[in-house]
Every structure is written in C-alpha cells, then in structure tokens.
Amino acid sequence: MGSLAILPPATASCSPHRRHLLVRQVIAAILQRRSLPPHSPRFPGWTSDAVRDVLSSISTYFFLSPRSVGRQHPSGRHRSPLRQRSLRRESLSARGPAAHRDPDTVALGVAGALEFYSWAESRCGFPHDELTCRDMSRLLARANCLPILWRFLRANEALVGTATVTEVIKVLGEEGLTKEALAAFYRMKQLHCKPDVRSYNTVISALCRVGHFKKARFLLDQMELPGARCPPDTFTYTILISSYCKHSLQTGCRKAIRRRIWEANHMFRRMLFNGFVPDVVTYNCLIDGLCKTYRIERAHELLDDMPVKGCSPNRVTYNSFIRYYSVVNQVDKAIEMMRAMVSRNHGKPTSSSYTPIIHALCETGRVREARDFLVEMAASGSVPREFTYNLVCSALDDAVEENLPKDLCRRIEDGMRTRFRQVLQLKPMMGGKSMFIQEQV
C-alpha cells in the first residue's frame, strides 16, 4: 500500500489502467486491515472517477454472496422470484439472503469504505461531490447497514439530491427490502429532496417485484390526480404491465393467471385512456405475457395495432411469437414469423430466434430442416448454444443423416469456446457438463 503515495503525477488524469492499480492497492490495504498511508506531495490527488471505482470495487469484493447468481455451483434449479425480506427476522433466525453472507467480511468492507471516504477528504484534500456521495450511499444500502446509511445521508445533506435517494431506493428494492425502500421514499422530504417521476417509478418497480400491486397502484393513483407535481409517464405503466405478466407466470393457479393478465390489459387500456402512447417496450412486455399464457389472438391484435400507433415491432416482438409457436408444435408458423420479421425489415434473427425453431424441429423428427437452420444461423454470425449444437449433432447421428461440415463444426466450436471463456471471467465457478470445462482444468 505504500506505493500508493509514490505513483507518478500522470495519475492525476487517471487512465483506466492506473485507476485499476489504485483500486487494487486500496482493496489490499482493507483486506490486510492496514491503515491508509498519509498523503504524499508527489501524489497528485484523487479524482471523482478513481474514488467511485474504489467504492464500487469494495461492494463487489466484500458484499458478494457465495450463492449469488453466477458464483454458485449450478444446481439445475431456476432462480426463485424475489421475496420481501425483513432484516429483523433475518437477524433473529439467520435466514434469508443475508444468512449466506459472511458478516465479518461485510463489516470489514463497510468499515474500510467509511475509512477510505473520510481519508480521501481529510488527508488527501479531495472534495466529495454528489457522485461520490451517491456511490457511498449505494454501498451502504447494498450492505444492508440502514442506520449507518441514514446517519451518513444526514451528515452529508448538502451533497444528497433526489438522484441519490432514488439510487438508494433502487438498491433496497433489488435487495428485497421493499418496506425500507418505501420508507426511504417517504423520508426524502427530511433530506430536503423532492421526488420526481424517476423516484416514483423506482419505488413502484420495487413494490411490483415482490407482488405488492395495491401499494404500487396507490402511488400511481396519486400521480394521476389532477394537478399532481409528478404525473406518470409511459415507463410507469410499462413497469406495472410487465410485473403483472411476470407474476402471472409464477403461479400454477389458472384463475390467478387470468386475473393478472386481465390486470395487465386493463393497465394498458388505462394508459391509452390517459393519453399516453405505448412504446415498443410496453408492447413487447404485454405480448410476451400473452404468448406465454397462450392468449395468441390478443397478442396478434396488439401486433397489428403497433403500426397504427406509429410503433414498429422489433426482434423481441417476433421472438415471443416464435417461442409460442415452437412450444405448441406449430413450427411452420414460427418459421413464417421469422421470415416475416426479415421481409418487413423489423430485425434480423439471432440465436434467440433460431434456437426454439431448431429444438422444435428436432423434437418432431425434421432433422434435415434443423440442420439447415443451424447452418443458416452460423452463416449469419450467430453462435448457437452448446446444448443446441449437441442436440442437432446427436439427432443427425440417430437419423443417419449427413453430418455438419467439419469446417463449420470447427468454427462453431471456436465461437462457443470464446464465449465460454468470456462468461468464465464473470462466473468463475461454472460447472456442469460443458465440453469446455475439461479444457480449463
């Protein structure tokens, strides 16, 4: 850590490489529980980007749970939906996501972040701005240290703005602390901050993530009142429509599914009644929910309505129909939708477009067509998934059909290997039956 004080003066401009060196030195000092060194005259000083990099790195190194997505050993289960958490119950029963964190590591990260934040200002003369204060608030929220968070916000009230509190609400919503996120929204006035439409959208999204639709609709009703200071926008209705569709798929009750889809359609019509024009994201969310709940007629109605509203469909729109027709064993219609997407210049098919069609063709015994689509996908520059590639190869062997050309197989495997190495950098504990895992051993 002593080399931090003798970095060359070029560090003042803080290139990404030199900022990375600073981050590694600070993280090493925190891990080794060493005090930060005094400021050296040769050190030109910290910049806002360098301080923010250190704070974000502390959150990554110290608050990552062993069971986080991408860090856990694959168990074959799907990711469970987000549930509302209670810090009080977790502290008494040691349950929930916080139970899978090392409390000593989290405490070390919080103490190191607070020490670095104070050290940069008092010993190095760095004047903190709203961006560094926002990142520090986000770090404390991600560590679930709410008392320390609110003391920090009150102590730095001059640097706290609406965007800072909105980021805190967003992080608390992502952590499943919906009650605390809603409390932070109502405590904005204590910090002399006025909520804007982005603040409302953030807290509505946090409520919808855990299924608290009544509270979310209550906030929407407040925004729709005549003379409201923060009227809703298109994204406000899109959040609710998307959440209704997602939660309809997380229950096995048909009545609940019908209810959620009805509420999504009702919210869409309410949006039109209030004079808002839905964009392509709004249409895609509703169409995807309709296709996944087998309401294909209503989905086609929305697809035909998009050009009338001046909204052009994109690849995501057509992929919803392609997946539906592939699942219900109507592969020809799925192929027609993909060809229509290309002919209407609404997008180019990618791996997400070809994969359901190839799987459906293999399941129905149309192996030659599956082989042709795999060749077409590779020719368009898309890399198939390893499972799709192995499925086609094994289907060709079982049907005693002509195999893929060797040069094409080599090119596909090179592409999958490159993608595997890129993902491995983010998910170093990947496992399973991949053909590339043995190469890394």
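The backbone N, Cα and C atoms fix where each Cβ goes, and this holds for glycine too.
From a predicted model like this one, the values you see are computed outputs, not experimental measurements.
Copied over from TrEMBL:
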type	residues	note
REGION	68-100	region 'Disordered'
COMPBIAS	74-86	compositional bias 'Basic residues'
REPEAT	196-230	repeat 'PPR'
REPEAT	279-313	repeat 'PPR'
REPEAT	314-348	repeat 'PPR'
REPEAT	350-384	repeat 'PPR'
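Residues 82-84, 162-163, 165-166, 169-170, 172-174, 176, 178, 181-182, 185, 188, 236, 239-240, 243-244, 247, 263, 274 of the same chain lie 6 or more positions beyond the ends of the repeat 'PPR' (196-230) yet place their CB under 8 Å from a CB of it. Residues in the repeat 'PPR' (314-348) partition by DSSP class (helix H, G, I; strand E, B; coil) as 26 helix, 0 strand, 9 coil.
Using a Cβ-Cβ cut-off under 8 Å and counting only residues 6 or more beyond its ends in the same chain, the repeat 'PPR' (314-348) has close neighbours at 280, 283-284, 287-288, 291-292, 294, 296, 299, 303, 306, 354, 356-357, 359-361, 363-364, 366, 380.
Model confidence over the repeat 'PPR' (350-384) stands at 93, taken as the mean pLDDT rounded to a whole number.
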